[in-house]
Amino acid sequence: MKPRLDEPPKFKRRSPAELSSGKLTPRPPSRTPVPGDYETEGRQAAAPLTLTAQGPKTGTARDFSQVLKIEEECLRLHQVEKSLRAELDAFKRDAHERERRLEDEITQLKPPRPAATGPEQSFMSDLEDDAESMELATPLQPTLILMGSPDPPDIPLPPSPALPDQFEMDTLEFEHVRMDLDAAEARLREKDAEMMRLREDLTDMRHYLYSGSQGGQGRR
């Protein structure tokens, strides 16, 4: 009867005389390996390796995904900053253009100053100066008030050039543009502060990942 392969070999008990005579105990017959043994040993050897490989990998992937999210948010805020700066520049150009147009309209609405024309104008101004100096030199005389003669009627003055409605509308629109500029600047400052905070978080996360990788290499 042949012995089974999975049974442990049976050793024959030897007497002390046989052991002292120099006869060695025969080696047990080697068992022929079965293909299932290799599969079992492979699973036993691969199991701890899989656990050690999956241990730090999960945390590193999570940190890396968080870094990617922060970088995407930084890129989005950078695009928002560029669009806000472009909008602010457009507002400034529009405001300068409107201000220049308003100044031109104000200049056109101002009454023109009479310019001096040659010797005639200088002669009339000299006469007015002489009359004024004579009035100051002579003593004041009491004036006679004629009770019967009524006061001369008031001569209607020409209507003063009033500001047109378009000018008022342009002024109000200019104020609205200035308010929009202030609001855009405030939003831009908030976005700059938020971007600075995200950059600091990204720098801290990179330092953390770098220190973690260095610590893992040191432990190895």
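Cβ from N, Cα, C; glycine included.
TrEMBL entries are annotated by machine, without manual review.
If you check TrEMBL, you get these features:
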COMPBIAS  1-10  compositional bias 'Basic and acidic residues'
REGION    1-59  region 'Disordered'
COMPBIAS  94-104  compositional bias 'Basic and acidic residues'
REGION    94-165  region 'Disordered'
COMPBIAS  150-162  compositional bias 'Pro residues'
COILED    174-201  coiled coil
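Per-residue pLDDT, averaged across the coiled coil (174-201), gives 83. As a summary of secondary structure, the compositional bias 'Basic and acidic residues' (94-104) carries 11 helix, 0 strand, 0 coil according to DSSP.
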